[in-house]
Structures are given as C-alpha cells and as structure tokens.
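Visitor: Encoded as structure tokens, here's the structure I'll be asking about.
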Amino acid sequence: MAKAKFERTKPHVNIGTIGHVDHGKTTLTAAITTVLAKQGKAEARAYDQIDAAPEERERGITISTAHVEYETENRHYAHVDCPGHADYVKNMITGAAQMDGAILVVSAADGPMPQTREHILLSRQVGVPYIVVFLNKCDMVDDEELLELVEMEVRDLLSEYDFPGDEVPVIKGSALKALEGDAQWEEKIVELMNAVDEYIPTPQREVDKPFMMPVEDVFSITGRGTVATGRVERGTLKVGDPVEIIGLSDEPKSTTVTGVEMFRKLLDQAEAGDNIGALLRGVSRDEVERGQVLAKPGSITPHTKFKAQVYVLTKEEGGRHTPFFSNYRPQFYFRTTDVTGIITLPEGVEMVMPGDNVEMTVELIAPIAIEEGTKFSIREGGRTVGAGSVSEIIE
C-alpha cells in the first residue's frame, strides 16, 4: 500500500491525555479516535492497540508512548498517551512529547488523586500551556451534586498551580460508553473535541519564532572568515541578518551573517530544521565555539542560575546506583555541550534517589543561553544520569 501523503492544509497541534492511573486516559484516547472515525476524520484505534505502546529512547531514557493522530473540522492533531505514570514524568521532562495542550482525565467516581496533582504540577513546570478537563465515568455517578463537587475540586487544584481554574473547560462524559457506541456519550466526545479546538490556541510555528541555532562546529575559510555550523532550532536566517553569539562568555558578541550554506550550496534563507553553515563577519575562529548559540539579537540571554524539574534515571536505565545530595556537581548538557553545575536541593529534601522526580536549583560555572522550558541532560563521566527542564530563571 502506498504511503498516504501528509496533507498540511490544517494547522497542526500536539496534545496528550494526562491524569491519575486508571481514570480512563487510554479509554478516552480510544474513544476520541472511534468517534472521529465515524466522521471520517480518524482511524479508530482499540484500547489494546494504544495500551501496547512501543518503547522509545529520548536522551538515553526509555519511554513507552502511544501516538495517535486524528482531525477535527479545524485541525490536525497528534495525540500522545502513556501507559505508566513514570512514562509521563519522563515524557514531559525530556520534552519527548512536546504538548501544546493537554486533556486532564479525572474519574468523577474518585475525584482528583495524587497523580492528578503531579501531572498538573509537571504541566506547569515544563510549560504545557493549556489544560482541558474531561470528567470521566459520569455514567457511574447519579448524584448531580457530587459531580459539581468534583468539578470544583479539579478547578481549585488547577488554580493552585497557576492555571485559570475558573475558565478551563470541563466536559462531563464517559469514555467507555462512548467507545461502546452509546450516542448520548459519543456527543460528549464531540463536545470535548470542540472545547480542545476552541480553548487550546494554535501554537506559533517554530519558523515564526525568533532565530536560534546551537553551534555544533566552527571552522575558518581562508580569505572569507569564520563559519559556525549547526541545526536551526527555530526561526529563519537570511544573509545580512544581525545575530548575537551567546553563552560561555560574559558578554554576547554581535555580528552579521554574510553567507548561509546548506549541503555546500548557498541559500537565500535557512529555516527551523535545516542543517547549515553560517559565515560570520569580523569574528575570529576563537570567538565562537560549540555550546554557544547564534540568535536574533535580544531574543535569548545567557544565565547561570535557574530552577529545574528533573527526572533521575534508575540503575536499570543506566543511571546512578546511589542517591545524591545538595552540592552534587555533575555536568549539565545543554544542546551541544556540557557545563559543570552545582545542585541545591529544596528545603526538606535530604537526598535524591535514582527514579525520583524532583525540583532543584542549579548554578552553572559558565553562562548558557537558556529560557523557561529549555531541556537538558545531567551527565556524569559521559553517561546520562538525569533529564531536566528549566522551570524558572534566577539570574
């Protein structure tokens, strides 16, 4: 069978189901595909197909994730669902599944549970910008007041983590009944997708963001100058554009791009995803190095101190065998280079065990171009022992 061509006519949005174990995330994912399949906008996927998620590796960490895709009238969606709680933690922290919004599934019969809270916190820490709530298993609750109560609890919990609890859409439904083809509950799935369509904005495309390229390599061309190579992470770059070289030094250096090459051919414009070489005016070979970034002036700044949400690998994942404490000094790998940093654990946290998910403060020995949401790995002697996401810049 020929591969279907990917039609890019509708805007693309990445979403996922989050919430406590057994509250119905995977059943809901199956129900969405099944209901939309009846409208010819998806391929119906059974619960078992989604639940048997393949393992993937992201930054040396093994994560099981199921990917489904479907369309609504307005959009094309890529949807992730994870079988286990640990998979969510790893997924969100490594950015393996970057979500533009999430559907928080809460069982109306049980109300918010510990992982409900943890997934909301993670969403806040790693920058999932919007949440829509699906109160599931409403067919099992006859008491209207109880439903109101659970809804209030969920809204309060969202507000506690700085989401707009009062504005978040809450849809009351039953994923299982919808999956079984019960029309009144199928309608709730349609209602949910309308809420997702309307409430979660179309994300800004990577190309439309300000230009940034992590420097991977640097070389000189006699008579022409210095070339920095790398993959454009976001934005576009044209010949004549001003850029700043940021990181590893106290002051960013300003320069102008006098040439852009890709596969040894000259380009008018490079964009997000392209591997390029950028010729930099008036920059000597030793003024730019791997680990720095080229960026649109003023769009990103170098920092040394930040808070981060971190997942620490287990021994089985190739991580540490022993806990670590405050003042631990591993390497922090940002984009293309390692920088030593000193870890301070939050008050009341004595030590961190392999397999833990923790917030920490990090102070790097050299400044790096970072912003909220920047992902990194923690390494020790060349092996990955943790993965993190910057949650707050301190200085």
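The backbone N, Cα and C atoms fix where each Cβ goes, glycine too.
What Swiss-Prot lists as domain 'tr-type G' is 10-204. For 19-26, 81-85, 136-139, the entry in Swiss-Prot reads GTP binding site. The Mg(2+) binding site annotation in Swiss-Prot covers Thr26, and the record cites sequence analysis as its basis. Taken from Swiss-Prot, the feature region 'G2' covers 60-64.
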Visitor: So what pLDDT does the region 'G2' (60-64) average out to?
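Guide: For the region 'G2' (60-64), the model's average pLDDT rounds to 81.
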Visitor: When neighbour density is defined as the number of other C-beta atoms within 10 angstroms of a residue's C-beta, which of the binding-site residues Asp22, Thr26, His85, Cys138 has the lowest density?
Guide: Asp22
Visitor: Can you tell me whether DSSP puts Asp22 (GTP binding site) in helix, strand or coil?
Guide: coil
Visitor: According to DSSP, how is the region 'G2' (60-64) divided among helix, strand and coil residues?
Guide: 0 helix, 4 strand, 1 coil
Visitor: Which one is it: of the binding-site residues Gly19, Cys82, His85, Cys138, whose Cα lies the shortest distance from the Cα of Thr26 (Mg(2+) binding site)?
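Guide: Among Gly19, Cys82, His85, Cys138, Cys82.
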Visitor: Please report the number of other Cβ atoms within 10 Å of the Cβ of Gly19 (GTP binding site).
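Guide: Around Gly19 (GTP binding site), other Cβ atoms within 10 Å: 27.
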Visitor: Reduced to three states, what secondary structure does DSSP give Cys82 (GTP binding site)?
Guide: coil
Visitor: Tell me, by DSSP, whether Cys138 (GTP binding site) is helix, strand or coil?
Guide: helix
